[in-house]
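Read through the structure below, which is laid out as structure tokens, and then see the notes.
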């Protein structure tokens with residue numbers, strides 16, 4: 001990809017995200033989302049592979065539909081209330097349409113179909129952007145409109161996302177699809193607490209972004225796309241493979257790693273709200289995700305490839321590790337002792 005084109009796309013991506021998260025008017029938020037969508041399309045389709053073109057087409061159609069719905073919802077709200085302020089979402093139809101539009105943008109169940117396919121057709125770096133920074137503007141809109149949204153609808157979508165994200169990730173052999181369904185399952189955790197403690201949604205998103213970024217950067221460093229090639233990664237950078245296992249377990253939410261913190265806080269808050277059944281359901285559904293994280297960790301660190309494998313052995317290289325990988329993996333593993341500070345903030 002042309003360096004100038006890449007610079008323009010990256011700058012536009014940051015600009016669109018900044019406009020949306022800092023706006024309090026529906027039109028400026030919508031403009032930011034549109035800039036984001038147009039900026040990421042060249043990055044998805046830059047390989048000129050039919051799969052990449054298909055992914056960019058699917059992404060454009062779903063995001064355009066979501067943006068249209070969001071604009072329609074804001075216009076209905078402005079028509080009835082005279083307010084364009086994002087926090088003043090009062091009309092029931094607008095609340096419903098905006099929930100649907102933001103859910104499509106995020107990839108929440110039942111609007112999740114585009115997300116695994118788009119990730120599968122993109123490069124690892126673009127997948128990282130799609131799974132993290134591209135979800136920040138819609139999460140911010142959810143945060144700002146949270147008092148107006150229907151808690152029953154959000155809880156239903158959250159439970160469905162946690163269930164389907166865990167269930168569909170079980171038999172995947174492509175690492176990008178595994179992480180796509182992992183993202184859908186984590187969105188369920190973020191959505192379930194939105195009505196009761198929106199700050200927890202943001203904390204969960206930040207910690208998820210950090211941990212997922214670490215995993216994508218490790219997979220990009222070792223050039224791993226399939227489960228069968230995960231088995232050969234130990235020959236490249238053995239210490240990184242060990243860190244990869246710990247980061248996966250952190251994403252699964254096992255103590256004493258960082259990923260345990262948001263799940264612990266969410267279950268605690270749901271219990272305080274006397275939603276014990278909901279907390280129990282989403283906790284049990286997280287075990288599905290734990291299985292495929294353990295499967296990835298097992299393949300990466302414990303399993304040796306069979307002698308008749310068709311893949312060439314990839315021995316240790318002098319390829320430097322991205323400094324961001326070190327930072328994100330360290331934070332993904334060792335942030336739990338800071339939980340009292342996070343509790344104070346939230």
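Placement of Cβ uses the backbone N, Cα and C atoms for every residue, glycine included.
Please treat TrEMBL annotations as automatic predictions, because they have not gone through curation.
Looking at 38-58, 59-79, the range tied to transmembrane segment in TrEMBL is 59-79.
The list of residues near the transmembrane segment (59-79) in space but at least 6 beyond its ends in sequence, with Cβ under 8 angstroms from a Cβ of it, reads 26-27, 30, 33-34, 37, 40-41, 44, 88-91, 93-98, 100-102, 104-105, 111, 114, 118, 141. Contact between the transmembrane segment (240-261) and the transmembrane segment (324-345) is supported by 3 or more Cβ pairs under 8 Å, counting only residues 6 or more apart in sequence. Mean predicted confidence for the domain 'NADH dehydrogenase subunit 2 C-terminal' (290-342): the pLDDT average there is 71. The transmembrane segment (151-171) makes no contact with the transmembrane segment (202-219): fewer than 3 of their CB pairs lie within 8 A, with pairs spaced 6 or more apart in sequence. Remark: the transmembrane segment (202-219) makes no contact with the transmembrane segment (281-304), by the rule of 3 or more CB pairs under 8 A. Same-chain residues lying 6 or more positions outside the transmembrane segment (324-345) and placing a CB less than 8 Å from one of its CB atoms are 199, 203, 207, 210-211, 213-214, 217-218, 221, 240, 243, 246-247, 250-251, 255-261, 264-265.
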